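J.: This is the structure, below, for whatever I ask next.
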Amino acid sequence: MNKLANVVLERLLEHYDIKKKEFLNNYSTPFQLLVAALLSAQSTDKQVNTVTNQLFKRYPDPQSFAQSSPEEIEQYIKSVGLYKTKARNIHNLSKVLLSEYNSSVPKTISELIKLPGIGRKTANVVLNDWFQINEGIAVDTHVQRISYRIGLTKHTNPEKIEKDLMLLFPKNSWGILTRLFISHGREICLARNPKCDNCFLSDICKKNIIRKNKSSKREKNNITK
């Protein structure tokens, strides 16, 4: 395990108590988690939890979604981003699960990403959170931003970031890693105006070290003027 990655993981685990209620939590089957994770793109977990409360009462399984229509599904998810596209994808993936998987959710990334609207991030969320299968790491905007800032990756492409992180962190941490990064991104490492002065990773963060060095140089230049 990479030394930097080891320190990052240890400190994140010490600081954050990962609780299900802070993330997607309104599901009772792997299929419902799949739908919730699909809906979470460009939406908050809180928004999705609110939406799925009524959505899953009306459509609890692939069969009920498949028997509906994208237009009907839209009425339940209008408050989330890209709701028209998501409604269409939910309808289509439900039909695929019915016809090809006997309504069951597949347990491999290679099968999951063939479903309409399902990418590696969503596939990893389902595998990690429901099946406890660590086949990869779910890379969302928080994971992407923090990994780059700290210096765990030089890439901005989610799939390349995932590969870098998989090489750095032990496999048994992949499932919880996303939640740890999300917690840190919500609390301290914000997209805009990150709270670097309050960050317990600031001493090992590449972005913060560069920022301090630039600030120090400016101060020296001002003194010599």
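Backbone N, Cα and C define each Cβ position, glycine as well.
Automated prediction, rather than curation, is the source of TrEMBL annotations.
Residues or ranges marked as domain 'HhH-GPD' by TrEMBL: 39-187. The [4Fe-4S] cluster binding site feature in TrEMBL is assigned to C189, C196, C199, C205.
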J.: Out of these binding-site residues, C189, C196, which one has the fewest other C-beta atoms within 10 Å of its own C-beta?
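T.: The binding-site residues C189, C196 were compared, and C196 has the fewest Cβ atoms within 10 Å.
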J.: Residues with Cβ closer than 8 Å to the Cβ of C199 ([4Fe-4S] cluster binding site), same chain and 6+ apart in sequence?
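T.: Listed in sequence order: I188, C189, C205, N208.
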J.: Enter the number of other CB atoms within 10 angstroms of the CB of C205 ([4Fe-4S] cluster binding site).
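T.: Taking all protein chains shown, C205 ([4Fe-4S] cluster binding site) has 22 Cβ neighbours within 10 Å.
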J.: Around the [4Fe-4S] cluster site (C189, C196, C199, C205), what further same-chain residues have their C-beta within 8 angstroms of the site's C-beta centre?
T.: R149, I150, I188, P194, K195, L201, S202, K207, N208
J.: Give, as a single whole number between 0 and 100, the mean pLDDT over the domain 'HhH-GPD' (39-187).
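T.: 97, rounded to a whole number.
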J.: Using DSSP, what is the helix/strand/coil residue split across the domain 'HhH-GPD' (39-187)?
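T.: With helix first, then strand, then coil, the domain 'HhH-GPD' (39-187) has 99 helix, 0 strand, 50 coil.
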